[in-house]
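Heads up, the thing below is written out as structure tokens.
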Amino acid sequence: MIIDTHCHLDDESFSKDLEEVIIRARENGIQNIIIPGADMNDLKKAREISYSYDDVYFASGVHPYHCHDFDISYLKHVAEDKRCVAIGECGLDYYRLKSDFATKEEQEAEKKLQKEVFIAQINLAKELKKPLIVHIRDANQDSFDILKQHANELVGGVLHCYNSSELLLELKDSGFYFGIGGVLTFKNAKSLVEILPKIPLSNLLIETDAPYLSPEPNRGKRNEPSYTKFVVEKVSNLLNLNISEVEKITTDNAKKLFKI
């Protein structure tokens, strides 16, 4: 059995065949699926899906790209729901700064806003004693500094789509897990392949980030939870473990972190 700890089942690409996607997931050994929050508008849909399927949970949060539309009171209201197991996905993403903001002043203002929204969600996680689902892209140092500052007051979290940063790996001793997905199967994933053995097995989680980042041999197609098997196979090969061992370890880790 496997737990897909990061899957956007509320995405429009699943609207026409969600039932079939979940059936395929179950047929391929998926025990649970967690839908991360991305923007304020989709939280209601994620919650509804979690109530329609007993094996699906959701998280309440705002992705850094949507930090301009942020209401902490509403996030808290949603996060108090019994089907909500985490806060996020939240974090920092500087990837599009230069393309989206023309001046240095605008770029710095965007960074400041992202940090404020990130910290607000960290504080919510501390208040509700729920783990964080963290999104980091091109912002390793700032993300590390913020997480390190608050780590002792958090109940833990996961670095979603872990980007192979040696710096971020230091958070393994601060209650953070590392989400490994389809990127590990890509031909250009050398750095992630090399750092995987450095991640303690007790800190490892499996995810898809579906419908994005579909693993080989389905790269370029819509990703879905049933494809976690390709990630598990790759992890087992790289770490010289049985597939059943990887499944059990990562499932136990997810249950521990998300209390499911």
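Cβ coordinates come from backbone N, Cα and C, glycine included.
Heads up, TrEMBL stuff is auto-annotated, nobody curated it.
Keep in mind the model is a prediction, meaning the values are calculated, not measured.
Annotated divalent metal cation 1 binding in TrEMBL involves H6, H8, D209 plus, out of the candidates E89, E116, E127, the residue E89. In terms of local Cβ density within 10 Å, E89 ranks first among the binding-site residues E89, D209. Rounded to a whole number, the C-alpha distance linking E89 (divalent metal cation 1 binding site) with H160 (divalent metal cation 2 binding site) is 8 angstrom.
Across the structure, H8 (divalent metal cation 1 binding site) and H160 (divalent metal cation 2 binding site) are spaced 13 Å apart at their Cα atoms.
Under the DSSP three-state reduction, D209 (divalent metal cation 1 binding site) is assigned to coil, being neither helix nor strand. Taking all protein chains in view, 26 other C-beta atoms sit within 10 angstroms of the C-beta of H6 (divalent metal cation 1 binding site).
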